[in-house]
Amino acid sequence: MSSSGNQSCLKGAEDIVSFLVCVFHEWEEWAGLGQLEDYLSVLEYLLWVFTPLVIVFILPFLIVILLYLSILFLHVYKRKNQLREAYCNNLWDGARKTLATLWDGHGAIWHGYEIHGMEKIPDKGAALIVYYHGAIPIDYYYFLANVIIQKGRPCHSVADHLLFKIPGFKLLLEVFSVIHGPQEECVRALRNGHLLGISPGGVREALFSDETYPLLWGKRRGFAQVAIDSQVPIIPMFTQNVREGFRSLGTLRFFRWLYERFRLPIAPVYGGFPVKFRTFLGDPIPFDPNLNAAELAEKVQQGVQSLIDQHQQIPGNILRALLERFHSKHKDH
């Protein structure tokens with residue numbers, strides 16, 4: 001603070017209070033606090049603008065955290081039951097049911113999750129469930145939880161090989177009977193009387209489908225051949241608003257190029273919006289020895305597309321899906 005400022009305050013001040021106020025303003029100007037206030041205002045504005053964006057990109061990571069918490073629970077459960085492991089063939093039944101209850105609770109609280117057509121899932125015997133793949137297939141996790149709780153049986157699942165490379169996921173995948181997906185292994189699971197879930201669109205559909213819900217199956221027919229070899233029915237499945245819960249930036253050319261060129265599925269996913277989720281199970285498509293794999297795959301694709309056409313407004317809308325949480329009764333679209 002300059003001496004001239006002190007002198008002007010001394011000359012203009014009528015009392016000690018006026019003098020102190022004058023000195024404070026002179027010091028504020030000398031220290032540049034006025035500019036600091038402007039900077040803080042800009043920072044506050046930027047925080048207000050970008051906080052929602054940060055939140056929608058963080059929420060998907062919370063799902064990953066929940067998966068790791070599930071894995072941690074399994075490790076704890078395994079240690080706690082070491083003495084029982086040698087005598088009990090169903091060591092993981094309690095763990096599966098506990099985690100199923102937790103995931104079912106998460107679905108009910110966050111998404112008001114409903115499942116329609118559960119009676120089409122057999123209590124015993126094999127069936128192949130074919131579903132549309134969301135950006136994050138959290139609806140499928142809820143479905144698996146409901147199968148365990150309501151049917152008292154697990155459902156095996158086919159997952160992309162990348163999932164098996166994620167550190168720490170091995171135990172979770174083993175306990176919930178997740179397989180990489182060679183046709184022979186899928187046929188073996190079905191012939192042993194298990195349920196099996198598969199999404200023909202896989203990673204491609206997860207990353208590059210959008211709010212118009214296109215099925216990106218290409219010419220994939222392996223799932224149909226598995227059903228033919230196993231002689232089991234196929235049950236189509238679709239979850240309403242799954243693309244409004246989580247969305248992918250895979251529609252941007254750069255991320256599509258990365259995947260097509262290097263097979264890197266790194267398109268960012270954002271969301272975690274508490275939209276209404278309803279899973280619909282279509283009528284089972286029975287085994288028909290007169291159909292080949294191409295014909296059966298086409299028939300199944302039509303079945304899943306029919307569920308989308310019947311139950312999903314196109315294009316999907318996040319706000320509308322949020323508002324549906326307030327409707328207690330289901331309305332067909």
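Glycine is treated like the rest: Cβ placed from N, Cα and C.
Note that TrEMBL annotation is computational and uncurated.
The feature domain 'Phospholipid/glycerol acyltransferase' is assigned by TrEMBL to 114-237. Taking DSSP states H, G and I as helix and E and B as strand, the domain 'Phospholipid/glycerol acyltransferase' (114-237) has 53 helix, 22 strand, 49 coil.
Among the features that TrEMBL reports, transmembrane segment is placed at 45-74. With a cut-off of 8 Å between Cβ atoms, the residues of this chain six or more beyond the transmembrane segment (45-74) that come close are 92, 95, 98-99, 102, 106, 136, 138, 168-169, 171-172, 175, 246, 268-273.
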